[in-house]
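What Swiss-Prot records for this protein:
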type	residues	note
SIGNAL	1-22	signal peptide
CARBOHYD	47	N-linked glycosylation site
CARBOHYD	71	N-linked glycosylation site
DOMAIN	104-222	domain 'MRH'
CARBOHYD	142	N-linked glycosylation site
CARBOHYD	147	N-linked glycosylation site
DISULFID	174-208	disulfide bond
DISULFID	189-220	disulfide bond
CARBOHYD	389	N-linked glycosylation site
């Protein structure tokens, strides 16, 4: 247990390192959220045709901001029909899969790791072999048609996501059914960026009938797996505040792009990194009633709870970076500090995140605003990369090797879900995701890129 002075609020951190970031239609999908003046907004909502093609909504209950979003459900529907009926789209997807899997056999374990590993080979035939820890093997299925489209078809999951299905039959005989084993491979564009080339999940849906769900990031580049690919740039949301009186928060969004994290927390990335540093914006959820424990908590205490719950997602967003703008890697030791502001841009407090050489992850919230005067623009109070030190024999700052047992494996989590509901940021995110569901795309994640039209003098 780590103790800091009583003037500081301290909490424990579970530190998760993120893998590479890449374009992914299911995570951090950009939407242009533009605030306009009254005249431009009325030109939209007074247009009957546009109203029939879209919807009006408020970012959260009680908000005096009204937003319009055009509805493209018919375009999505037509795209899905084209995908399922297009031989060209099927050939394109099959070719992509074969380019990834061939020519060398691919051996992988499931996530989470199990007793079995799985080997997919693509030679004269495509085979899937199940291999046990002590070397026992079972042929789950094979196909000599993997270079054609005979054994493939597009399908849709229960959540509406398109995937490519391939069925392999004639595996070794099952001891229970006395029939050949068979396996279906589902090739899927992952919801979030992966920290490894492949992600495998396996289920035995019936005795000796298997389902392999293989997540391949490269599939996200194909429009067959992403019906909004190439069209999101044309899909904008416009908003207007009644009385043309804009909130001071909009000045923040003139200078920063904002990503909704969770629990009322925004990640603010400066549009001019030479002028502004990264910071967090926080809106504490209101208590549900006078009896709730939230009512008795300070803003700092409520932030700590919300921040801990959102920490995995924060690390996965690559928001915390080295002084040179590179992703944090295992072995990096640092103290990262950032201001936390409210919706009007007023400083609430500072948040410190430290990972030290004793494998201790420490978080601290304090109200010493003077620390901002000496804070580097890149937010790192200090930074030392053990990876660099270990390869530099002449370095005088080489750090001793330490156990990282308190730091979770960098490959521990690919997809992070949060059941929490509440707070302005979460409500805004929910509304935008509801809009996505209305246009037939239920699994999308939303990143809000704020653009404000400045008044002309």
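Cβ coordinates are placed from backbone N, Cα and C, and glycine is handled just like the others.
Features as recorded by Swiss-Prot, highlighted on the structure.
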| residue | record | Cβ contacts under 8 Å, 6 or more apart |
| --- | --- | --- |
| 47 | N-linked glycosylation site | none |
| 142 | N-linked glycosylation site | 125, 126, 127, 128, 168, 169, 170, 171 |
| 147 | N-linked glycosylation site | 94, 98 |
| 174 | disulfide bond | 180, 181, 207, 208 |
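DSSP classifies residue 142 (N-linked glycosylation site) as strand under the three-state reduction.
Around residue 208 (disulfide bond), a 10 Å sphere centred on its CB holds 20 further CB atoms from the protein chains shown. According to its DSSP assignment, residue 220 (disulfide bond) is helical. Residue 189 (disulfide bond): 22 other CB atoms within 10 A of its CB, across all protein chains. Within 10 Å of the Cβ of residue 220 (disulfide bond) there are 21 other Cβ atoms, across all protein chains.
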